[in-house]
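Asks: Input: one structure, supplied below.
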Amino acid sequence: MCECGYPREQHLEEATKSSVFLGKEWDPKRHIQEMPTDAFGDISFAGLGPKYVRVSADTPPCIIYQLMTQHWGLDVPNLLISVTGGAKNFNMMPRLKNVFRRGLVKVAQTTGAWIITGGSHAGVMKQVGEAVRDFSMSSSCKEGEIVTIGIATWGTVYNREFNQICDAFGGFPAEYVLDEESQGNLSCLDSNHSHFILVDDGTHGRYGVEISLRTRLEKFISEQTKVKGGVAIKIPIVCVVLEGGPGTLDTIYNAITNGTPCVIVEGSGRVADVIAQVANRPVPEITISLIQKKLSILFRDTYELFTEGKIVEWTKKVRSSEFTLLYVPLAAASRNRVHFGHENWDHQLKLAVAWNRVDIARSEIFTDDHEWKPADLHPVMAAALIANKPDFVKLFLEQGVRLKEFVTWDTLIYLYENMAPSSLFHGKLQKVLVEEKERSAFSKVPGIQLHHVSQVLRELLDNGALLASQDGSSLFWLICPLLSQSQDCIAGALACSKILKELSKEEDDTDSMEEMLTLAEEYEHRAIGVFTECYRKDEERAQKLLIRVSEAWGKTTCLQLALEAKNMNFVSHGGIQAFLTKVWWGKLCVDNGLWRVILCMVFFPLIYTSFVTFRLQPMSCLTRTRAFFTAPVVIFHLNILSYFSFLWLFAYILMIDFQATPSWREYVIYFWLFSLVCEETRQVLGGDFWNKLDVCAILIFIAGLICRWIPSTLYPGRIILSLAFIIFCLRLMHIFTVSKTLGPKIIIVKRMMKDVFFFLFLLAVWVVSFGVAKQAILIHNEERVDWIFRGVVYHSYLTIFGQIPSYIDGTEPRCSPNGTDPYKPKCPESNKDKRPVFPEWLTVILLCLYLLFTNILLLNLLIAMFNYTFQQVQEHTDQIWKFQRHDLIEEYHGRPAAPPPFILFNHLQLFVKRVLLRQPAKRHKQLMPLGCEWHGVGPGSEGPGGSPPVLSSSVSSAEEKLEKNEEAALLSWETYLKENYLQHQQCREKQNMEQKIRDVAQRYRPLSPRVPLGKTCGCQCSLMSRREL
């Protein structure tokens, strides 16, 4: 056996020649030759495949670090946790084991740390591996993998040869068998580690070879600087000690000497318990006799191996370590102890943001010991926004960060330039830049500017809100996460809901899509909460917020944003429905009964009496007449009366008065239809379902009219006009949507029509299959296409409803033997005795099976689908009806007062203005209750505890912009009530029972029997909760 530990046959040929090395003392530097490694790639542990590499003991740390970050693809860590201790299996109390595992995994997972161990399947390395394994099995894929790096000695790894871990080609999964029973003095690798670095110095069976390389690698990593979100931090390192022997004390001493903090886990045994039990004592009390006593208790089996000189050495190291433990400030977070003052606090905050530990930032950093200026928090605020850490954003806002000071032109561009490449918004932004490059023929993609951001936002908002480049571009970074400080918060929340819903449509990942939709609902819920608070205080001013034109959102309104985002919960709010009701009644009082309105339509002189009341008093006769007939509710009922008259006259002509020469009644129908065509042209064609139905009916009517004027196609024209009449009748359903009783039922019918459409696909399979089989068995070579269609489809379909063909068993008295009679079906095939050739029992069986599957299975399936749709829609029918009610009210709010055909006079007036006089078209009229007045005083009358001011103005349309001071007062009032809403929300959360339970558990956790975790030295680990480790 050679001094290197390998037998003679495993050496190179020249090394076995006695003449070369005879009489010479073995020297690793001279007698070990370094060769290219053939061991790298992946290790296969029964399905698991961690990466590994075999390196020389003197490999520079920079090369290994480059391998880990570039070739292995590991992210640069925010923290380095070096776990050391006992290399042999030891027992830990179950509670201590659970505390250690949960704490270690939580710190590693929340901070993005690397865990470095010895990599073997024994001792503390096994404890770490099992902790990581338990986390991986209980966590989701989105929580990420914990990087656990095992640095072990190649010469002590069992089963490393014979192509089990050494692969001749490298890069391929190398099979490795974990066999603890046969390992002897060697050790197996732990399968729960994610990466392995196997250090080789040419020896076999010698432990500790990796210590030097591990120390140099950890030091090199801790000297690196990580830059993320514009914040640069030194990678901190902490040493965690479990159990351990004499070598562990040397590791602790070297770590403390180099400024590396150590966490000692008391209760784990041996060295850890020795240090932990004497750590709280004053330095003079730490004597040789005390250390000797502790060693005799904790090292029972191996205490005889400790010489007197060894005990003296231990005492010196413990006393020196104790001095460091006692006097290094616990709050220091930097590696170097020379960081003091503002730089030290700033470094702590950067670490907290990098580790995503907002709890520690609240308790340890934002204290009375240091006063933070808002400007000092701007860099970490940008880092928190880029890293998507809303808890820190909220914390910084609480600490005084003002958006007006933080948000600058350069800051916005910087934020958008550093967006996550995986985000949908970043992808859309890059698409805009590439398109601009193609249009402008640039040599490279242009830099991000705010007008590019505005273009993306216009797309997400479907051009419903055209954003100014400077104001609108701040939406994604400022409105979405920072609504707590923004004005016009209701509009901002609704816009965020709209954007998130649009982004979710393009998201491929289901979990991300659900998160976006959940967040969109949260923004809608916030908008509802603030509006409810405003509506309770002042109904009129809350409704004015709905129709206030927002310059920041491209001259749109909160109501329009909610409709575009399809926020049914918001639109169905009682305050918004009350506002829509006011719009529906126009200048009429809402408490007027509908029957009064109908009577006034029939006997219009009743308008001038007190039979109906108006909101504005007094009014002249002309004003009352105009106010009555311009109310949307009156326009609606006049159009209903007109439409029923049109249908009655149309039906009369089709059934009674349809002649070769049109009568005067038919010309009235043509004139009436022309007025309908003009009205459809005035509206936006192809908008909703009902407009499409109108266009379809009009086109069919025109086709029938053309055929009607051609003498040879008079009757087909009558048929086409009859079909148009059916579609015109279906249009009545839209009129009934205004009814609270019939409206929801019509919604359910529309949803069920979709079920019928998909059901027909299933039914067609059975109808065609049975029809073709029946026709082929019964009828021989039927050549008439119409009778083939009847036999295959028509008769098969009627069979479902009980009309069974009489010739199914071969008997058909009314048939044509040769199929020559065009009005009779062809007789079934028979023999000379006029008996059916086909087996009668087969057709009967096919018929029974067909009826079984169609009548029982498919029809019951359709009923079940209808029932499911009904139950599903019934729960939200009221909300859906209230949401769709707005479309009907908006339609008749902007519709001319005269019903068809008299509406042509309004169209003629519109034609003269637009075509002849060339007057520009006005913007679409927003909803506004006619005749409503907003009373109030100027700004400045609002106090913290007093009632908010009331705005003074009288507006007749939402298009009229508010004055600057008036709008500022309205937004201030909204902000004031928003703060009240947020305070109420916080109070509710505190009163929540689950929150109470969590508070009690948190309050009494320190009183429970806790496991002492020893002292913490150094500075980097000061931000970690000691209970977690």
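Numbers run from 1 along the shown chain.
The backbone N, Cα and C atoms fix where each Cβ goes, and this holds for glycine too.
As listed in TrEMBL for this protein:
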- 51-281: domain 'TRPM SLOG' (DOMAIN)
- 364-462: domain 'TRPM-like' (DOMAIN)
- 484-573: domain 'TRPM-like' (DOMAIN)
- 594-616: transmembrane segment (TRANSMEM)
- 628-655: transmembrane segment (TRANSMEM)
- 643-877: domain 'Ion transport' (DOMAIN)
- 717-736: transmembrane segment (TRANSMEM)
- 756-777: transmembrane segment (TRANSMEM)
- 841-863: transmembrane segment (TRANSMEM)
- 938-958: region 'Disordered' (REGION)
- 948-957: compositional bias 'Low complexity' (COMPBIAS)
Asks: Taking the transmembrane segment (756-777) as reference, which of 594-616, 628-655, 717-736, 841-863 has the most Cβ pairs under 8 angstroms?
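Replies: By Cβ pairs under 8 Å, 841-863 leads among 594-616, 628-655, 717-736, 841-863.
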Asks: Over the span of the domain 'TRPM-like' (364-462), count residues by DSSP class, listing helix, strand and coil in order.
Replies: 65 helix, 0 strand, 34 coil
Asks: Are there residues at least 6 beyond the ends of the transmembrane segment (628-655) whose Cβ is under 8 Å from a Cβ of it, and what are they?
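Replies: Counting only partners 6 or more residues beyond its ends, the transmembrane segment (628-655) has Cβ contacts under 8 Å with 583-588, 594, 597-598, 600-601, 604, 607, 612, 663, 665-666, 668-669, 672, 718, 721-722, 725, 728-729, 731-732, 735, 738, 888-889, 892-893, 895-901, 930.
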Asks: With a Cβ cut-off under 8 Å, give me the same-chain residues at least six positions beyond the ends of the transmembrane segment (594-616) that come close to it.
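Replies: Answer is 587-588, 624-625, 627-628, 633-634, 637-638, 641, 931-932.
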